[in-house]
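Per TrEMBL, these features apply:
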- His189: active site, tele-phosphohistidine intermediate (ACT_SITE)
- Cys502: active site, proton donor (ACT_SITE)
- Arg296, Arg332, Asn454, Asp455, Arg465: phosphoenolpyruvate binding site (BINDING)
- Glu431, Asp455: Mg(2+) binding site (BINDING)
- 4-126: domain 'Phosphotransferase system enzyme I N-terminal' (DOMAIN)
- 153-225: domain 'PEP-utilising enzyme mobile' (DOMAIN)
- 253-540: domain 'PEP-utilising enzyme C-terminal' (DOMAIN)
Amino acid sequence: MRFQGIAASPGIGVGPVHVIIPEDHAVKDFPIAADRVEAEIAFFESALQASRRDLEQIRHGIAHELGEQEATIYDAQMMMVDDPDLRRAVHESIRGRRNAGVSFRDYMTAVAARLERVQDEYLRERRSDILDVERRVLRHLMGDTRQGLSGLEAPAVIVAHEIGPSDVALLDRRRVLGFVAEVGGRTSHSAIVARGRGIPAVVAVRGVMQHVKNGDLGIVDGFRGEFELNPDAAASGRYRARRARVDTGTQALAALRDLPAVTPDGFKVDLAANIELPAEVEGVLEVGADGIGLFRTEFFYLDRAELPGEDEQYRAYRAVAERMSPRPVIFRTMDLGGDKVASYLGTTHETNPFLGYRGIRFALSHPEVFRAQIRAIYRASAHGRVRMMFPMISSLEELRAALDLCGRARAELDRAGSAYDRDLEVGLMIETPSAVWVADLLAREARFLSIGTNDLIQYTLAMDRDNQRMSHLYEPLSPAVLRSLRHTVHSGHQAQRWVGVCGEMAGDPRHAILLLGLGVDELSVSCFDLPRVKAALRSVPVLKARALAERALACDHAEAVRALLHAELDTVLPDYLLGDGDEA
Ligand code: PEP
Ligand code: MG
């Protein structure tokens, strides 16, 4: 049986399926024997106590690091755990011989449904707290089913309704052959982390959970966005043949490793890599990148019980800077919020998280936490070629506030006698339409601009990058996006600043040529995409790329740009970049 989804991370993975069941679905309705009733009530009480301890710990951490205000949402959650009505109802249900899991889940479902109907906005928002509490207590009642993600016993293809970015960061690379999720988009951070870690993935596979069970055979085709369940012999043979073709292309690309990213007419492009975890630095060296153009440092902050300290960050950043030296490394400061949330940061529960408390907004409202990171980055700069940039800037005031914190961090380091690069380049990401339109002002006060197309596309087109229903409309080639790119490059160059692109768009060989033609100076892409982009850059003269970009800008819709790129490039790009649906 074949399912079609979105190709999220390239590669082909074959193996037995391991299904991840969300806690609330995994609750089984079985009766309790009369002599087990009291023990079941005690079991339920111990799960409540354990949940309360979790919440106290999280609350303590947040109050300490971020202040009392942020911690109050956990007070509300603790009140829910302590609610005498909850206890009474669940005890009564257990005495009626239903098990603790079902009794508790049904009570919480009824409370959530009641809130759904109320008019009061504040109370309606409490619904997500109820879900949070429900999940936490069920996890204690049933054991943490998600632990299966990091502790798989044998190699498997993971199938789940949803896999968060920090879950993907935790996957055991040796055991996970690939993953399939029912939701998500190509530029969701789960997909990005999977690409960084070389895990084949297909997302937005609607309804797949209804059909799979543990032990089925699954094939994840992360090139075409297909998932094949229990394939027959013919289908298995097809995938084996495709895997062999992919391997041949990979060998051809490996030969480019030590060659520069230079066009046939001698134009050198800085071709850097994106990483999410310090361990990925070895992969960056293997593909022969000119540097790291985007280190998403926020992964440091996810999936842990408390904030990382300055020294811990310094050691990690220093190791990366040293390993890459003399090549540059751009540390993007914490970009938390959106789909990257850590419960101890208090970034959860927003109606529009991508338009909310995210990126630089979060960082600026926690200046102590932000400054500790900035200091760690400056300190690492004594050991390599370090640059720093800020995410999600939408105004000059935000940039100035962030630069001001850099000034204070430097003064603190001076007082402490710590060494750092006094000429460290500080830049910013252009990810919002407002930043595009004030790029000239921003470029005057920063040393470089790096365009984050993943966000810029979603904000320019008002298309959620995570929403699988919108994915066909999330269009890098739309005239609105191309004009934004051109305007940004022009504004940066007017101010004598270099301009890079570090969103996923730069990783597509044809799009990379278009970006070259638009005047972009640096491209930063995943390690998988890097050799392909290098092969493309080495095949197309910059003069041709510029002429192509002019024609692309004159097109009035995206499909025309796509047709133009195919017509002009498919005859010049190497065959293995064009292969049958194997494009990244
Ligand atoms: C982007 O938005 O293009 C980007 C590179 O940042 P992120 O994907 O982490 O939001
Ligand atoms: Mg972004």
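Glycine is treated like the rest: Cβ placed from N, Cα and C.
All features noted in TrEMBL, drawn onto the structure.
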| residue | record | contacts (Cβ under 8 Å, 6+ apart) |
| --- | --- | --- |
| His189 | active site, tele-phosphohistidine intermediate | Pro165, Gly338, Asp339, Lys340 |
| Arg296 | phosphoenolpyruvate binding site | Ile192, Asn274, Ile275, Glu276, Arg332, Asp335 |
| Glu431 | Mg(2+) binding site | Gly359, Pro391, Met392, Ile393, Ile451, Gly452, Asn454, Asp455, Leu456, Tyr459 |
| Arg465 | phosphoenolpyruvate binding site | Gly185, Thr187, Ser188, Phe354, Asn454, Asp455, Ile457, Gln458, Tyr474 |
| Cys502 | active site, proton donor | Ala272, Asn274, Gly293, Leu294, Met429, Ser450, Ile451, Gly452, Leu523, Ser524, Val525 |
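Proximity to ligand 2 (Cβ under 6 Å from any of its atoms) holds for none of the recorded positions His189, Arg332, Arg465, Cys502. Only Glu431, Asp455 of the binding-site residues listed as Arg332, Glu431, Asp455, Arg465 bring a Cβ under 6 Å of any atom of ligand 1; the order follows the sequence. In the shown protein chains, 26 other C-beta atoms lie within 10 A of the C-beta of Arg332 (phosphoenolpyruvate binding site). DSSP assigns Arg296 (phosphoenolpyruvate binding site) to a strand in the three-state reduction. Secondary structure at Arg332 (phosphoenolpyruvate binding site), as computed by DSSP, is strand. Residue counts for the domain 'Phosphotransferase system enzyme I N-terminal' (4-126) under DSSP (helix as H, G, I; strand as E, B; rest coil) come to 88 helix, 16 strand, 19 coil. Here phosphoenolpyruvate is bound by Arg296, Arg332, Asn454, Asp455, Arg465 per the record. The longest Cα to Cα distance in that group is 20 Å.
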